[in-house]
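See below for the structure under consideration.
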Amino acid sequence: MSSSLTLFFFFFFVSTFLYTSSNSFNITNILNEHDDFSTFNNLLSETQLASTINKRQTITVLVVSNGALSSLSGQPTDVIKKILSLHIVLDYYDQKKLKNLSKKSVLLTTLFQSSGQAKGQQGFLNATVMTNGDVAFGSAVPGSDRNSQLLDSVASLPFNISVLHISSAIMIDVKADNAPTASPLSPVSSPPRPAQSPNGDDYDEPPSSAPGAAADGPSSENADSANRVSRIDSLPALAFTLLMSSIWLFMA
């Protein structure tokens, strides 16, 4: 019985070590070592994207230096979060992997796509190896330019996290998503004449509600997206629990 208990604890500590080591990176600490990315680093924290990145097991972060972030200056926080989410690729890509793309071009799925807020191809990036060997990034939205160049690697932990320095922020038009949808225009008609009493005076009528004045309820899109991300992030913990349960049943 004692040997069985010893074996159980051995598997327990080994499994715990493997699980924690696969989540050992911290994007804030990585970027803290590079002053050129302090603004990008602060924005990741302010938008709470840093904690989302750290919960992932496989991720690639495309970072932009302080001097190349002017396009985000003065933007609302929700817009900045969407743009930064586009710079977080849900797969591992380092310089070698990108420069040796078999088809010279690849469509990358980003955190913005998994949020459920992207419209059309907004949540995807296009990475292309140019004729001179450089790697260029751009939005996958049709007609978008690929004008952000891969400069160098900031950090990598194969095959968990890769942090790559790109020349400029990849911008998409997300402001229109925040505007309320306009209702179809209806023909303009003259307002009805007020009712009159027999002596010619107007009756007082209670004010009526304007058509379409009722406010829509809050959208559940963000909550559904957060639940999907939460379910994805909980998969390693579920696998760990199933592994421990199997070991316990085997020992019993």
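A Cβ is built for glycine as well, from the same backbone N, Cα and C atoms used for every other residue.
TrEMBL annotations:
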- 1-24: signal peptide (SIGNAL)
- 24-155: domain 'FAS1' (DOMAIN)
- 181-228: region 'Disordered' (REGION)
- 206-221: compositional bias 'Low complexity' (COMPBIAS)
- 234-251: transmembrane segment (TRANSMEM)
- Task: Mind tallying the domain 'FAS1' (24-155) by DSSP state, helix then strand then coil?
- Result: 49 helix, 33 strand, 50 coil
- Message: If you average per-residue pLDDT over the domain 'FAS1' (24-155), what number do you get?
- Response: 96
